[in-house]
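Encoded as structure tokens, the structure appears first; notes follow it.
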Amino acid sequence: MQPRGLLLLLALLLLAAAAEAAKAKKEKMKKEGSECQDWHWGPCIPNSKDCGLGYREGSCGDESRKLKCKIPCNWKKKFGADCKYKFESWGGCSAKTGVKTRSGILKKALYNAECEEVVYVSKPCTAKMKAKAKAKKGKGKD
């Protein structure tokens, strides 16, 4: 019975020591942090090509920093990777133009990015949709 109690006590001491070390590390990170509150961040610049891992530079008074960032490879370049939008469903296909459109309302601007409040996106109607429409027309005539 004694070895079991000794092991339990040892485990509790190790757990307490680990928690104390984590707390000390967290306090150290806070002390290294900046007192400056008004940071201005630039855009995320990818290391290669136009997406993937990269860096963003920020400045506040005399201080400057670089943060790691990531640009998704499916981002819409004209909106910027730091502008997040909530999009509605795609509208119907226009017979005149052959495109369908939808709008997006700004949800969040990251790192003080300058974003448009509302954006509009259009894309061509797919051949698959046209084929489905023709198939439906044919079935109704029988």
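Cβ from N, Cα, C; glycine included.
Here the structure is a predicted model, which means the values were calculated and not measured.
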Among Cys93, Cys115, cysteine joined to Cys125 by disulfide in Swiss-Prot: Cys93
Recorded disulfide partner - Cys60, candidates Cys36, Cys115, source Swiss-Prot: Cys36
Cysteine from Cys44, Cys115 that Swiss-Prot links to Cys69 by a disulfide bond: Cys44
Closest of Cys60, Cys83, Cys115 to Cys73 (disulfide bond), Cα positions, disulfide-bonded residues only: Cys83
Alpha-carbon distance [Cys83 (disulfide bond); Cys93 (disulfide bond)] in Å: 27
Cys44 (disulfide bond) and Cys115 (disulfide bond), Cα-Cα, nearest whole angstrom: 14
Cys51 (disulfide bond) versus disulfide-bonded residues Cys36, Cys60, Cys69, Cys125 - nearest by Cα: Cys69
Cα-Cα distance linking Cys69 (disulfide bond) and Cys125 (disulfide bond), given in Å to the nearest integer: 34
